[in-house]
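Peer 1: Found this in Swiss-Prot, in case it helps:
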- N311: N-linked glycosylation site (CARBOHYD)
- N336: N-linked glycosylation site (CARBOHYD)
- N938: N-linked glycosylation site (CARBOHYD)
- N1003: N-linked glycosylation site (CARBOHYD)
- 107-118: repeat 'BNR 2' (REPEAT)
- 847-856: repeat 'BNR 6' (REPEAT)
- 1-24: signal peptide (SIGNAL)
- 25-1385: topological domain 'Lumenal' (TOPO_DOM)
- 1407-1437: topological domain 'Cytoplasmic' (TOPO_DOM)
- 1459-1526: topological domain 'Lumenal' (TOPO_DOM)
- 1386-1406: transmembrane segment (TRANSMEM)
- 1438-1458: transmembrane segment (TRANSMEM)
Amino acid sequence: MRVRGALQAAAVLATALWATPLAAKKNDRPTFHTKAFENAPRSLNYFPDSDTVLFQDQSANNVYLSSDHGVKWERVDAVPEGKAWMLSMHGFDSNRAYILTEGTTHFRTSDRGKTWEKFKSGIQLSLFRPDILRFHANDPDRILFNGMICEGLDCQEVAQYTTDGFKTPAKELRRNTDGCWWAKSSDLFTTGAEDLDNNRVLCVVRDSFSPFKQDQRLLISDNFFRTSDDSSDIQEFEPDLDMNKPVQGVVSIAVVKKYLLVATTSMNTDEMALFITGDTKKWHRAVFPANHEGHDHRVLQEAYTALESTNYSIQIDVMTTRPSNPMGVMFTSNSNGTYFTENVPHTNRNERGHVDFEKVTGIQGVFLVNKVDNWEDVAKKASTKKKVVSEITFDDGRTFEPVTAGDKRIHLHSVTELSNVGPVFSSPAPGLLMAIGNRGDYLKNYWDDGNLYVSDDAGMTWNKALDGPHKYEFGDQGSILVAVRDSKEVDVSEISYSLDHGLTWTKQALPDDLKIRPYILTTTQESASLKFLLIGMVKESPSWQVISIDFDGLHEATCKEDDMEEWFARVDKDGKPTCLMGHTQSFPRRKKKAECFLKQEFKHPVSKTENCECTDKDYECDFNFAREDGKCVAKGPIIPPEGVCRDAKPDDTFKGTSGYRKILGNTCKETKEMDDKYKDVERKCSEIGGGGGGKPSTPATDKIEQIENVFDKDWDRWEKHYLERGESSSSEGETIIMRGRTKSKLGPIYVTENHGKEWHVPKYLKEEEIVHIVPHQYFKDMVFFITTGKKIIYTTDRGRTYHSFKAPNEPSDDVMPLSFHPDKKNWLIWNGKKCESSDDCFGVVSYSKDGGDHWQTGGSIYTRRCEFTGSRAYKYPGRKEEQILCLKHEKESKAKDNPMVLISTNDWFDNEEIRQKNVREFATMAEFVVVATENSANKTLQASASLDGATFADALFPHGFVVPHQHIYTVLDSSTHAVNLFVATSMDGNLCNYGSILKSNSNGTSYVVSVGNVNCDEDSYVDFDKIAGLEGVALVNVVANPDAESSAPKRLQTKITHNDGAQWAYLSTPPNDDIGKFPCQSSGDEKCALHLHGYTERRLRGNTWYSSESAVGIMVAWGNVGDSLGPRKDSDTFMTTDAGLTWKRVKQGQWTWAIGDQGGIIVLIQTTSVSRKKTKSLVYSLDQGKTWKEHEFASDEVEVWDVTTLRSGSSQNFLLWGKGSKGPFTLKLDFSGFSEDVCKVDDDPDKSDYYLWSPKHPMQPDGCLFGHVSQYLRKKSDRKCYNDFKLQPLYGKEDCKCTREDFECDYNYQLDPFGQCSLVPGLEPADPSAWCKQHPDEIEYHEPTGYRRIPLTTCVGGRQPDKESPVHACAGHEEDFERKHAVSGLALFFAITVPFALAGAAGWYVWRNWNGKFGQIRLGDQGAAVFEADRPWVRYPVIVLSAVAAVVVALPVVVGAVWRSVSGLLGGRGGAGGGDGRGRWSRLGGGGGGGGRRFTTRDSFARGGDYAVVDDDEGELLGEDSDEEV
């Protein structure tokens, strides 16, 4: 078999020791040459059309080359010993190869290894991707280099390019990438324009404000991302992947023949969307058939494989079962790659994504597949052993036949059990195939039952050739077949070969009684050579042998015309050629018995074809049709032609598919009979399902459609879980899982897929006693149901199907039993316990990599809990996605003196390292890991933080901020690259009164006070709320009377920040309205402002209190106007649409709200749980609260307990939960009748249904926040349309000039009374030369000025105070520094002359404007306001710790109190709180036992300001008194 580029392995080390050429007599036996190596040869590659071969020794990092097909070997000595890190062959030039090192100097050859030249990349190889080099299909000199630049522990991927084959140093293409590709990445793909084919590049680009893959975008450039001649903007654009709009979440690009595929993902799901183009201009989303007969056709991450496709269609295999014992379905696309039809069900796959599928080389329409015969049993139970059968098709998958040897069926080992390199069965040798298989009903064991079979008629018939499993190869276009027995031992001493298509075989001993364990048998890619390479392992050292085998001496003669035959790919019983894919196909081939060799090295056989007339065999079922009883029957909606039925009525008709189509690639000649038989037929518009047309429009009714479901139960509370779908989800359903319950009893579990229109109890769950419902933290399609025993039931498809596994232990009592990985859906951690007796239990942690099918114990016992902290989102060197952090006892015993330690592992507990001792708790929040350690002597806490989960640094609080006894830390939402840490500063015993919120620097180690006297409750929850969807906006309630007696009631006031805590302000009062006058009017001050009820008064901690992530800037809250917050019973309902700048009262009293259609629908209702009132009506607004209408939903007043909708705010459906005279009910309210069409975005403001809205900053008139102004799409209030689910509200960002707000005080500096950063007395500035060590590519550094740039800012230009000081050269860059700062004669003249000319004017200006601040650096253009004493950087000092520690990934977690907060039933284990950990808090400290019940998590885990929250997953108290009732 040939070594293909796609199957190249990594590099390996080898030291050549000796070689022994052994000649054989002519016409007697082959010639052998052997060479010994110490290490295994890897990445074995032939230069195409040559005898030159090279391999890599991965152990010693060397490359070896042979120019005579392995007879002699030499190390490539142009590369220093031990420096060859990676070997890469050029994909489109047979003379070129590249050896990459770990540094920035690499090596290339353009003459098949005869000479090697150095080239510079300037950047390191990327650690995050294997595809470093990307080649251009037309121009071999055009190459992309995917590398990275690291600053400390923070790494950014960077792409470079060359257009001269690295003859000159590579140039930077773009930063912040996740891989770049040439558009012209295959011979067949073209953009349709020569200049675009040459230059067009596609890059996956990471969002500047978000590390998450769900925010990555595809950007295209035709000038290498440079600026154009007439603009300073970079020339790049984002293509409209989804017809008329771009799509974010791009994760990968693949070029398959003439198609380019882009895969996207989104939050809440691992389902992917595939977008396909034939020219990078017009894109389509790949559409798969409707699910039927248990076939799940969703394309999931790491669950689909692009197979070897044809020039006219794409073939993809999609995994449809559990990963531990996978099966799949193979699909084939239409000619433009858009619509896929099911081709082969129940394909055999393995855990690595390999599929038992292979096309027969050179013969159109013939391929072999392995299917799972007992697929139903395997789908039901993952431990069932597969019964695999082999089949072959000769019509591109329309029909399949058994593989037979004589009259017996045989089954063949295929791609999932690769035992050699290259294709499994076939080669360019026409019609010749070899395989390992067995006779019987299904495929058996390779080693015990496998034999070698040969076919010389393209797989129609097979003959047994040799007993036992063998590695095999083809030579001289099939004139010679070579095989070597496969073995697990070093006991193989001979090879076998055949010169007559496998009818007879000759054995030949290896030289010098050599015995090997074979690893690879290979030859040139064309299979036209008479030379082969055999690689095997031997017992003695050196351990590896590379054996060159030459058969050139067996025949002297070269084949003549009489020795050849015309071989037809398909013949009938009489031997006459038959049509295959619409034509006959024949090849010239050497006759079996001819005693000659073709000796046409490096040439491919050429076929001859002749078209036939079309028959029924040339047609297959069209999209969404499947064959039943010989006919194609509809299994899903019809796809209409472009534009059809867009404005039609359901009964209108059009010409649509008959259900049949000609097989793609079939070349048969059309006939009138076949045309008439399969022509388009009349179809109704009601049958369609998208495509180029559109569903018939439904006129707006301007009415709310409502559907009630009454439950004959005695429930008094609900548990409900919204399964938020992702943007890439193919399903449009809105799924909710719920159950009613009483104080002592759990009700049955109900599921709806249409937002409460219909409910059903899943059969799989009916008989189970389920105590917890736990949605997957990151992938909302997956939900776990924990029973009273060890049985865990789960669904991966939003409740359509169910599976189960056995938990390794009982769940822990005080932590969430399941921990999830943010990128790997099937990676699970089980936090369990083992009990020696009822009162003698200890923690045990287990992990699974296949969704619970198999479990292994993680580390030692007495482990309290573990969680995944690895993530693709945060890129740091050495960071592994397998990283796990655990809290465990230092000793494996119940000893009293047995403190907790924090351990980490990167290899599934094979190795563990203690990171911190005396640990009270740890929390993950965005990229940070925050740990609270305990000082046992004085019983206080110390916080420390890490970015990589390995190196922790103590948190340094601001100079002058002293808390005598630190007992409680609460980690708040930290989604803007800084930790928000609440430190309790006033305690009443162990109960929290109030404290300060401190904000960290970018590595979480040094803090500045953001706001003080913040209210907290007895559980250490804090009145702090980030506003969903906006960067840097948050609300707090502060205690206005901190000096009052402890028995005095707190006087709370509300403050808001619009710049992430740098400045806080009171809320302005609303204007007086029809309801009445307010007691005072003010723009917001301590005596008169609007005050809102906050987080500590919330019953459901996970709920979004004020806002919805997609209704940007819209907030609703309860509160009052005055000097402080009053009782909630006296509060009214207020609303803002400008992110809190202005407010208005919308209802008197406390009304519960829900926001839908991304702010287009707002519903208010009085709920019994809040106001103790019954009702029969609600009010709603369709214009963002400008006007309100009343809707009566019941004839009699009922109790309404809640109103809910999707947390994304994207739905037009709402659900009322309540209780009437007939019992508990749900009432679905459908608002779709108020709109007809999807809102459209248009560059023309008059045509667009949206306008651009930017949040304003109350203290910054330019509206800049973090150096930019954000623009959001908002629907115009007068437009009668609805927001598409896939609308991205954030439309764009515009950078601002740098001002004072973009800089903070540097290390050991603090703000002085003049508002300037001054050195803290007694401290020293940081060593400025450390900058060079952290940034090795920089050539200079500045002396400290006292200022540094805020990491989050994107500002450009303006003042740069961190650089307004003397500059010095970095060590080793002195020459570069001198060149950069060399002064020309003209510049010197002006430098001397101009200061004298300006001295008088400057002196006059200084005299006129002197304000006593001379000698200090002053920033910005705002004047004195910049330095006012009430600015936070004046009031609070800032001290910045040098970045000696950094760390990686922190992920939201659901633990402790959240687990217990939903318990309290059935032994304290009630409905679980799942969700995604957003909007939660992490509390460090408090009671004993590692924090106990008072440790919770609260993290939006947001992406650049998209502050989402958890699902409504906690048990909700209904119909009885609670802390929210007044």
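Just so it is clear, glycine is given a Cβ too, placed from its N, Cα and C backbone atoms.
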Peer 1: What is the nearest of the glycosylation sites N311, N938, N1003 to N336 (N-linked glycosylation site), using the Cα of each?
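Peer 2: So, of the listed glycosylation sites, the one sitting closest to N336 (N-linked glycosylation site) is N311.
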Peer 1: How far is it from N1003 (N-linked glycosylation site) to N938 (N-linked glycosylation site), counting Cα to Cα, in Å?
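Peer 2: Computed Cα spacing between N1003 (N-linked glycosylation site) and N938 (N-linked glycosylation site) is 28 Å.
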Peer 1: Can you give me the average pLDDT across the topological domain 'Cytoplasmic' (1407-1437), rounded to a whole number?
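Peer 2: It averages 31.
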Peer 1: Taking the Cβ of N1003 (N-linked glycosylation site) as centre, how many other Cβ atoms lie within 10 Å?
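Peer 2: Looking across every protein chain shown, the total is 29.
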Peer 1: Fewest other C-beta atoms within 10 angstroms of its own C-beta: which of the glycosylation sites N336, N938 fits that?
Peer 2: N938
Peer 1: Give the number of CB atoms, excluding that of N311 (N-linked glycosylation site) itself, located within 10 Å of its CB.
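Peer 2: Its Cβ shell of radius 10 Å holds 12 other Cβ atoms.
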Peer 1: Any idea what the Cα distance is from N311 (N-linked glycosylation site) over to N938 (N-linked glycosylation site), rounded to a whole Å?
Peer 2: 74
Peer 1: In the repeat 'BNR 2' (107-118), how many residues does DSSP assign to helix, to strand and to coil?
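Peer 2: Computed counts for the repeat 'BNR 2' (107-118) are 0 helix, 5 strand, 7 coil.
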Peer 1: May I ask you to report the DSSP-based helix, strand or coil state of N311 (N-linked glycosylation site)?
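Peer 2: DSSP call for N311 (N-linked glycosylation site): coil, neither helix nor strand.
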Peer 1: Going by DSSP, how much of the repeat 'BNR 6' (847-856) is helix, how much is strand and how much is coil, in residues?
Peer 2: 0 helix, 3 strand, 7 coil
Peer 1: Which three-state DSSP class does N938 (N-linked glycosylation site) fall into?
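Peer 2: Looking at the DSSP assignment, N938 (N-linked glycosylation site) belongs to neither helix nor strand, so coil.
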